[in-house]
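Q: Quick one: structure below, then a few questions.
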Amino acid sequence: MCPKLPLLLVFFLYYAITSLGSDPDPVQDFCIPSTGIAACKNSSAATVEDFVFSGIKFQGKFSETGLATTSVNVNIFPGLNTLGMSFVRADFEVGGINMPHFHPRATEIAFVLEGKIYSGFVDTENRIFAKVIEKGEVMVFPKGLLHFQMNVGDMPATILGSFDSQNPGLVRIPNAVFGSGIEEKLLEKAFGLNSKEIAKLRKRFAPH
């Protein structure tokens with residue numbers, strides 16, 4: 001066996017993992033998705049409006065948890081296509097929460113625009129990293145790790161979040177567990193709940 005082969009395999013595996021672990025690098029300046037046959041519309045047809053999104057100026061509709069989010073990803077802002085990034089605005093009522101969730105394809109950095117937010121994440125050893133962050137501070141949430149936020153101030157709060165993927169994905173833990181149709185017997189054993197309690201949670205977190 002060639003003595004250099006193991007080293008070459010290590011480099012190959014490292015390259016493969018890092019390449020597959022993030023959005024691919026663009027091969028052109030930009031790629032505005034086309035509605036025709038071509039994947040991108042002709043660059044000469046692009047205008048400044050393809051690179052501006054105004055839908056984040058105002059807060060969205062609040063949920064029962066006191067959170068309103070406006071996502072700015074490639075699905076609603078085509079100008080982000082192939083650029084490997086996206087954005088979110090999150091508004092919190094007093095006491096509002098962003099329930100435990102994770103983004104499978106992106107690291108997130110959150111900037112507190114207004115208010116005081118109890119913010120944190122949990123690593124793979126179940127260690128929690130959490131504190132109250134205030135206006136002007138930022139916190140980073142590593143890719144794929146569960147994280148959460150709660151407005152602990154006496155006024156509404158706003159966070160701006162940036163992702164290193166054009167489509168970071170979102171998995172809300174309660175919805176994934178109780179709203180996805182996992183076998184009831186498994187949930188009973190995993191959480192020590194009875195069928196009535198599970199039915200109540202399923203009704204609450206079922207897809208609408």
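Just so it is clear, glycine is given a Cβ too, placed from its N, Cα and C backbone atoms.
Keep in mind that TrEMBL annotations are predicted by a computer and have not been checked by a curator.
Annotations for this protein, taken from TrEMBL, read as follows:
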SIGNAL    1-21  signal peptide
DISULFID  Cys31-Cys40  disulfide bond
DOMAIN    54-199  domain 'Cupin type-1'
BINDING   Asn98, His103, Glu108  oxalate binding site
BINDING   His101, His103, Glu108, His147  Mn(2+) binding site
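Surface or core, plus neighbours and distances: that's what I need for these features.
A: Over the domain 'Cupin type-1' (54-199) the predicted model carries a mean pLDDT of 95.
Taking a C-beta cut-off of under 8 angstroms and a sequence separation of 6 or more, Asn98 (oxalate binding site) has the following same-chain neighbours: Thr65, Leu67, Thr69, Ala90, Phe92, Phe148, Gln149, Met150.
Residue density at His103 (oxalate binding site): 24 other Cβ atoms are found within 10 A of its Cβ, drawing on all protein chains shown.
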Q: Which site among Cys31, Cys40 has the most other CB atoms no more than 10 Å from its CB, taking these as disulfide-bonded residues?
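A: For the disulfide-bonded residues Cys31, Cys40, the Cβ with the most other Cβ atoms within 10 Å is Cys31.
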Q: Let me spell it out: for each of the binding-site residues (His101, His147), count the other Cβ atoms within 10 Å of that residue's Cβ, using every protein chain shown. Which one has the most?
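A: Output for this query is His147.
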Q: Expressed to the nearest Å, what is the distance separating His103 (oxalate binding site) and His147 (Mn(2+) binding site) at their Cα atoms?
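A: One finds 9 Å between the Cα atoms of these residues.
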Q: Of the binding-site residues His101, Glu108, His147, which sits closest to Cys40 (disulfide bond) by Cα distance?
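A: That would be Glu108, nearest by Cα distance.
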